[in-house]
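**Student:** Here you go, one structure.
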Amino acid sequence: MKFDIKVALLLLASTTFTACGGAPGQNDSDSLVPKNQPDLDVDTPEPQPEPQPEPQPEPQPEPQPEPQPEPQPEPQPEPQPEPQPEPQPEPQPEPQPEPQPEPQPEPQPEPQPEPQPEPQPEPQPEPQPEPQPEPEPQAKVTATISWDIPEERENGADLLLSEIGGYEIIYRKTDTQVYESIVIEMQTQTEYELTNLDAGEYEFLIAAFDADGLYSDFSDPTLTTLGNTN
């Protein structure tokens, strides 16, 4: 099958009972002793003469014994003072150990000054690239692909319209390697419009397949430039 492609894209009160009385023996002047005694009349009997005793010879005084000297009390021995206990020697304090000198701390080495970091140069701002003017958006383009209905197979046998299953169009922009594919299942269709394409150079190919899915070879690539590429 050969194709000619035409491209047009979140308290108790203490009651202190103080004996309110005075102390014992108080108010002795008020004791019950009569101050004046009454005079009493008593009949006194007349005295009777006592019988005179016969004179007795005067008694001779008995010789008085010479007074004996009173015995002198034996001299009492002077009280001896109680022996005083000998003073005990005061306990001698235990010898205290001589204080040991406290260990002197070892001299610490003087801290070395930390090295000062060298001043870093201030970073210079990177030069900013001058803003480039944004490219103006390119207008999308449309391409229309057209072909002729094949009438024979590649082996030269006739191909009836009822035997055609459809068509497949593949295309790509020439700066990429990926093809886009469009399948058309209408035997009688002879053109297809591709829309919203970027401007650039494109490659288009087309093949036909029969009702059994048997494909023909793709046509030779057709190159065309769409839109303004400047």
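A Cβ is built for glycine as well, from the same backbone N, Cα and C atoms used for every other residue.
Annotations per TrEMBL:
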| type | residues | note |
| --- | --- | --- |
| SIGNAL | 1-19 | signal peptide |
| REGION | 18-140 | region 'Disordered' |
| COMPBIAS | 46-136 | compositional bias 'Pro residues' |
| DOMAIN | 129-229 | domain 'Fibronectin type-III' |
**Student:** Using DSSP, what is the helix/strand/coil residue split across the compositional bias 'Pro residues' (46-136)?
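**Tutor:** The compositional bias 'Pro residues' (46-136) comes out at 0 helix, 0 strand, 91 coil.
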**Student:** State the mean pLDDT for the domain 'Fibronectin type-III' (129-229).
**Tutor:** 92
